[in-house]
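Per Swiss-Prot, these features apply:
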type	residues	note
SIGNAL	1-22	signal peptide
LIPID	C23	S-diacylglycerol cysteine
LIPID	C23	N-palmitoyl cysteine
TRANSMEM	60-80	transmembrane segment
TRANSMEM	133-153	transmembrane segment
TRANSMEM	163-183	transmembrane segment
TRANSMEM	227-247	transmembrane segment
TRANSMEM	248-268	transmembrane segment
Amino acid sequence: MNYMKRRLLLFAGILLLVALAGCSTTDPITSESEGIWNHFFVYPMSWLITTVANLLNGSYGLSIIIVTILIRLALLPLTLKQQKSMRAMQVIRPEMEAIQKKYKEKGSKDPKVQQEMQKELLGLYQKHGVNPMAGCLPLFIQLPILMAFYFAIMRTEEIRYHTFLWFDLGQPDYILPFVAGITTYFQFKMTMSHQQQMQKTNPSDSDNPMANMMQMQMKVMLYVMPVMIIIAGLSLPSALSLYWVIGNIFMIIQTYFIVVKAPPLEVEQTKQKSSKPNKA
């Protein structure tokens, strides 16, 4: 369920962005803007948007599309590392559960027993070269970058005076937010469907209260997130809706190839078992 937890955390961050958009400063960002966040995060993103737009004859719409894709591609190695770490944790999960079951029978509330269990789990992680925290670090690196780009779009003054396709980038649109909401739904649905499929291969999940609670939260978010995106998009500059649409499409493709098309866990677990040296 680790993947679901991280997805929920990421979408919680997006919800925070939506909320902050309504109450944060909308002063134009410039090289003279004060503060570490403005100077080292938001302004460089704004500069990149403007530079790419200038190369495209002033098309800020195309610039937002291209920069969104470039940022997502730049973050792809982190995403792959995160997915690899989570995948490794899922592969060794049967061994982890066996250790936890063994110490539960011994009396898991005993501090000494807990210490022994943690020591054995740590040995298991080291044996397979797995770091349980490795999947979290990429997420905390991605969020500031995505937030900076988000606010750069909000505060780059030149964007406000340009159009793209049928909409004015500086004004709310009444079509694009629904496209953003629909793509958000499909992105989340794809992740949720994969997790439900994974749960079928792990019967212990059906009896796990935490896993069931996460499933319920995912079901709620499946409908809450698209609605939040649509409501926000109807009141925010359409440049942000464009960013959400392109980002969602990229994430749908990424999730399909990295998560959905990944080999079944059973295959990797079988490989792992066959690679173990036979005891004489």
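Cβ coordinates come from backbone N, Cα and C, glycine included.
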Query raised in the report: Which sequence positions outside the transmembrane segment (163-183), separated from its termini by at least 6 residues, show Cβ-Cβ distances below 8 Å to it?
Result: 59-62, 64, 226-227, 229-239, 241-242, 244-245, 248-249, 252
Report summary line: Other same-chain positions with a Cβ less than 8 Å from the transmembrane segment (227-247) and lying at least 6 residues past its termini are 15, 18, 21-22, 60-61, 64-65, 68-69, 72, 149-150, 153-154, 159-160, 164, 167-174, 176-181, 183-184
